[in-house]
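Take a look at the structure below.
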């Protein structure tokens, strides 16, 4: 600026003014020098004056720029403040009004009138507090008992940095403070004009825009029901013209609601979600169930209190309700116990969440204190399809939190048994706490408890540290996931002589012929011995040394229990059989044909007067899960004709093993209960079931039977086929199938292939003949790669691996 100002003045100082042309007389005289110097002096004085003002101008300019910057920053900062919608849901109790049935019908004039007044009251209440600045919108969507309860939601538009400050607890406290401040006030308060709101009956919960959208989508099919104490209320089914419905359920104040859901169709795609509040708040979801679940045909769900919501989402269109809902109020069950255990090693009782097998409720807390009789013992907890894992840092347990000896563990649903072993180091006992950390719950939890010897936790067996279970050791099957039960074995799946650790095959033990150097294999054959991997356990819980003593015609147990239930496994007088031969009538009298609409689907075996065993994968499709579809034929030989010895049955019950996993084929076993008992004959009689300790020696030749295809990809056979196969060592088969073979599986076949089961044989029996002449069920046709391919064996469900479940169901 100074240079520019100076340059503009330079011509004035350096360019003297000259009179234009000539004077009046036309003689052209110059101007007087004095005038010129005077003008120049004045110009210099003015320039120096301007120069003195320059700092002031600069200062003013800087002030203007700074002010503009501050204002610009302020306004830009203000505009950058992000406003967010904070959604709340809740309820309030009105003391001077009463609920009526008209308020359950959203289309009624009473509902519309009450809603308008209640919404006005709610808005006035909120805007009377410091929240009024942020008020956006609100809605009262339903009413309930109590004398009158209003259910609502509202939205506050707040700066993002204040979002965490306005938690539901803070908002509720502000509203309660406002209500309390006007209780005894004589001044007119707008929101108290028509409603006397109970401050203690106000509840505020966190919600979301998504929750409100879900709620609004159900209001066209909204049902409110109050169920009284001692009442079981069956709920009206959904409106099939709607895509979604909501049942708003309420019971007496001091009770909790129990909802029962029963699926009525074999197949559907409907979704039901249960909430621990009056509306569909995602953070208060108890559980969701989908599509006519076969695994859970009946579900019972507990709320934490007297309010529950059930939301239905339509799946496939149907003229029939795919489910039945009923609800009842129940009393709170205490979940605390103090127990002193007896001085014995078996299971001594059961602990469970309230109303087991109902889903445990949100806010469940159980505390069990158990005292052991001696420090020689530890406490064992045996779970069914449930395991305990170490809790991850700062993450809640979604399936129940356990606290045991200051250890925090999370529950986890699994398709396996599991045991938790707790060492005891003090006589004070052990306290076990179970807590539902979040609203999302699951099926009720049950655990068997008992003692174990801390110095010898698994007598005669191996303690698997992975799952806490006692498993057979050195039997040729890796029962423990890490395989440690089969390491360091001197004699694997054989008998070890005491004298020199020589190994002899098990069938040579107690056979009357000494094989060990000093005859130790023939010692203690007529007396009880400690129980072990291959010892047979009698009904009196004693064990005998002789392998496979069942039904051999000679009592080995003191109580004779090894010779009981032996009317089985005898042949008459005489989906997958490749390289086989046609069977004769009565040759395999336990063989079953499972048919749907006259078409053979799977094989099976008769194991008791009303029970047939088969593979679970025969029913894995929803369309095959209904018992009414199936007909069971026994004594059948030819598929296209009947003979006098064959009989047919309908199915009254279908039970899949609870641990069955479709992808891995693990626990591939199912039981069918027949609609009436069989009449035994030469053509119809059961096969023998092996004990858990029964040993099927690798290399043993056994037989499979069925109507399966005679070659891979071919049609099923018309005649019942039979073929002999050889039992394969577990390690070899597991290697062939890249370690997908589980301890509940066994393999049979030949390296060269050719003889194998095939499509249509699934569920059919693999039977082995004992020295007594009786046939024992070793396996069920399950899976394999192709049919009769070289270097691939057939894989079968190992009956000894699932025999405990079979006996539990059948007996």
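Backbone N, Cα and C atoms are what each Cβ position is placed from, and that goes for glycine too.
Taken from Swiss-Prot, the feature transmembrane segment applies to 56-76.
Under the heading topological domain 'Extracellular', Swiss-Prot lists 77-811, citing sequence analysis as support.
The average pLDDT the prediction assigns to the domain 'SEA' (84-209) is 92. What Swiss-Prot lists as domain 'SEA' is 84-209.
Residue 335 (disulfide bond) falls within neither a helix nor a strand when secondary structure is assigned with DSSP, and so counts as coil. Close to residue 335 (disulfide bond) in the fold, though at least 6 residues off in sequence, lie 353, 354, 364, 365, 366, 367, 434, each with a CB less than 8 Å from its CB. Annotated disulfide bond per Swiss-Prot: 335-366 (among others), in sequence order, evidence recorded as similarity to another entry.
Residues of the same chain lying 6 or more positions beyond the ends of the domain 'LDL-receptor class A 1' (457-489) and with a Cβ under 8 Å from any Cβ of it are 378, 380, 387, 416-421, 530-535, 695, 698, 729-731, 734, 743. According to Swiss-Prot, the feature domain 'LDL-receptor class A 1' maps to 457-489, an assignment based on sequence analysis.
In the structure as shown, the Cβ atom of residue 464 (disulfide bond) sits within 10 Å of 20 other Cβ atoms. Residues annotated as disulfide bond in Swiss-Prot: 464-480 (among others).
Residues within less than 8 Å, Cβ to Cβ, of residue 489 (disulfide bond) and separated from it by at least 6 positions along the same chain comprise 473, 474. Annotated disulfide bond per Swiss-Prot: 474-489 (among others), in sequence order, evidence recorded as similarity to another entry.
Feature annotation from Swiss-Prot assigns disulfide bond to 491-503 (among others); the stated evidence is similarity to another entry. Within the same chain, residues at least six positions away from residue 491 (disulfide bond) with a Cβ under 8 Å of its Cβ are 474, 501, 503.
Packing around residue 497 (disulfide bond) is summarised by its Cβ count: 19 other Cβ atoms lie within 10 angstroms of its Cβ, all protein chains included. In the three-state DSSP scheme, residue 497 (disulfide bond) is classed as coil. Annotation source Swiss-Prot lists disulfide bond at 497-516 (among others), citing similarity to another entry.
For 510-525 (among others), the entry in Swiss-Prot reads disulfide bond, with the evidence type similarity to another entry. Sequence-distant contacts (6 or more apart, same chain, Cβ under 8 Å) of residue 525 (disulfide bond) comprise 510, 544, 545, 546, 556. In the three-state DSSP scheme, residue 525 (disulfide bond) falls into the coil class.
Annotated disulfide bond per Swiss-Prot: 531-543 (among others), in sequence order, evidence recorded as similarity to another entry. According to DSSP, residue 543 (disulfide bond) sits within a strand segment. Here residue 543 (disulfide bond) comes close to 528, 529, 530, 531, 532, 535, 536, 537: these same-chain residues lie at least six apart in sequence, with C-beta atoms under 8 angstroms from its C-beta.
Look at residue 557 (disulfide bond): DSSP puts it in coil. Every protein chain shown contributes to the tally, and the Cβ of residue 557 (disulfide bond) ends up with 20 other Cβ atoms within 10 Å. Look at Swiss-Prot and you will find 538-557 (among others) tagged as disulfide bond, backed by similarity to another entry.
Here Swiss-Prot flags 551-566 (among others) as disulfide bond, drawing on similarity to another entry. Every protein chain shown contributes to the tally, and the Cβ of residue 566 (disulfide bond) ends up with 15 other Cβ atoms within 10 Å. The secondary structure of residue 566 (disulfide bond), as reduced to three states from DSSP, is coil rather than helix or strand.
Positions annotated as active site, charge relay system by Swiss-Prot: 617 (among others). Of all the Cβ atoms in the protein chains shown, 22 others lie within 10 Å of the Cβ of residue 617 (active site, charge relay system).
Among the features that Swiss-Prot reports, active site, charge relay system is placed at 668 (among others). Taking Cβ-Cβ distances under 8 Å and a sequence separation of 6 or more, the neighbours of residue 668 (active site, charge relay system) in its chain are 615, 616, 617, 657, 660, 744, 780, 782, 783, 797.
Around residue 768 (disulfide bond), the same-chain residues at least 6 positions away in sequence with a Cβ under 8 Å from its Cβ are 696, 700, 702, 703, 727, 775, 776, 778. Taken from Swiss-Prot, the feature disulfide bond applies to 702-768 (among others).
Across the domain 'LDL-receptor class A 1' (457-489), DSSP helix (H, G, I), strand (E, B) and coil residues number 3 helix, 4 strand, 26 coil.
Local packing around the Cβ, expressed as the count of other Cβ atoms within 10 angstroms, is greatest for 787 among the disulfide-bonded residues 503, 538, 551, 787. Fewest other C-beta atoms within 10 Å: among the disulfide-bonded residues 702, 733, 758, that description fits 702. The two recorded residues residue 762 (active site, charge relay system) and residue 464 (disulfide bond) have their Cα atoms spaced 32 Å from each other. According to DSSP, residue 503 (disulfide bond) sits within a strand segment. Ranking the disulfide-bonded residues 516, 531 by the number of CB atoms within 10 A of their own CB puts 516 at the top. The DSSP secondary structure for residue 733 (disulfide bond) is helix.
The Cβ of residue 480 (disulfide bond) lies under 8 Å from the Cβ of 462, 464, 465, 466, 467, 469, 471, each of these being in the same chain and 6 or more residues away along the sequence. The Cα of residue 551 (disulfide bond) lies closest to that of 538, out of the disulfide-bonded residues 516, 538, 733, 758.
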